[in-house]
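Taken straight from TrEMBL:
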- C43, C46, C80, C83: Zn(2+) binding site (BINDING)
- 107-154: coiled coil (COILED)
- 180-258: region 'Disordered' (REGION)
- 180-213: compositional bias 'Basic and acidic residues' (COMPBIAS)
- 289-344: region 'Disordered' (REGION)
- 299-324: compositional bias 'Polar residues' (COMPBIAS)
- 325-338: compositional bias 'Low complexity' (COMPBIAS)
Amino acid sequence: MSERKVLNKYYPPDFDPCKIPKLKLPKDRQYVVRLMAPFNMRCKTCGEYIYKGKKFNARKETVMNELYMGLPIFRFYIKCTRCLAEITFKTDPENTDYAMEHGATRNFQAEKLLEEEEKRIVQDREEEELNNPMKVLENRTKDSKMEMEVLENLQELKELNQRQAQVDFEGMIDRYSDFEKREKEREKEEDERETKEMLDRALVKRLRDSDSDSEKEEEDSSGSQAKKPSTDKPTDILTTLKPTEALGSSAGGVKKAKVETWERSVGTLGGKGALGLLVVRKKPAATFLKPRPVAAASAPTSQTDSKASTTDPKNASKPVTTQNGSSSLSLLGAYLDSDSNDSE
């Protein structure tokens, strides 16, 4: 079984290539090719614009008896998209472009025409100077005169512009430099003034701070002298009562002072709260006066008085007198006074 893609074909031993017949095709035969319009053109028949890059199925042929440096020139046939008129153009290897033949006119080639005209003028001049030396001298004098005229016209235009504008560039530069100097001086003065103001404010603030510090020190010293502790022992402050509490206890029915939030949960040191139970005050022993021995004669009177006091309800509130004339109310007052002195 043979391969599908073969590179070498089999030639029999009796193969003769001269026996193969050759196709006799005309040299000016045409081929159908797919191309794009090489430039913008306008149809002469209907005036339709054909833009560059439009695709056509064109017929291509080789131009007979036209060569450029051994390169063949090709001609293309296309049809107008509107009226189907035939349009032809061919290659131009000399200018690396395409040349229009008939059926349409090329657009936007004014610059190209101008360049071609300039080239033609230069070629004619070179041909004239090649055989006529006097023509060369004339052309040189004409060129020099033309250059002088151009320079004079340019100078006149410059003077006219200066008269109309009347702009002194040197003066402008000088004024601008002066303006910059003034601006720099002004900025420097403003900076100095701002720094001076800041220093003055800082000095005034320091003086005020020093005055306030001295006043605070004086107030603290005076307050410390006024608020000396009156207690002799460090633990006496735990048992002292606040003036509001003492006032409330003494007044009895007077409205109590406002209790602060931190005293609601913890309580005061002098109150009956949790901190008030930390210190237990030692109560002094009660001292009672021993009754003196009295005579037997006075006994009946004292017994009768005691009986009368117990039997008579009206006399129950009256104090009972002792033999030496002191009452039980005086003893109770002495006890309360001693208790208050101990607490103080």
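Each residue, glycine too, has its Cβ placed from N, Cα and C.
The Cβ of C46 (Zn(2+) binding site) has C80, R82, C83, A85 as same-chain neighbours under 8 Å, each 6 or more residues away in sequence.
When Cβ atoms from all protein chains are considered, those within 10 Å of C80 (Zn(2+) binding site) total 21, not counting its own. By a simple count of nearby Cβ atoms, those within 10 Å, the most crowded of the binding-site residues C43, C83 is C43. Excluding the listed site residues C43, C46, C80, C83, the same chain places K44, T45, G47, E48, T81, R82, L84, A85 with Cβ atoms within 8 Å of the centre of the Zn(2+) site Cβ atoms.
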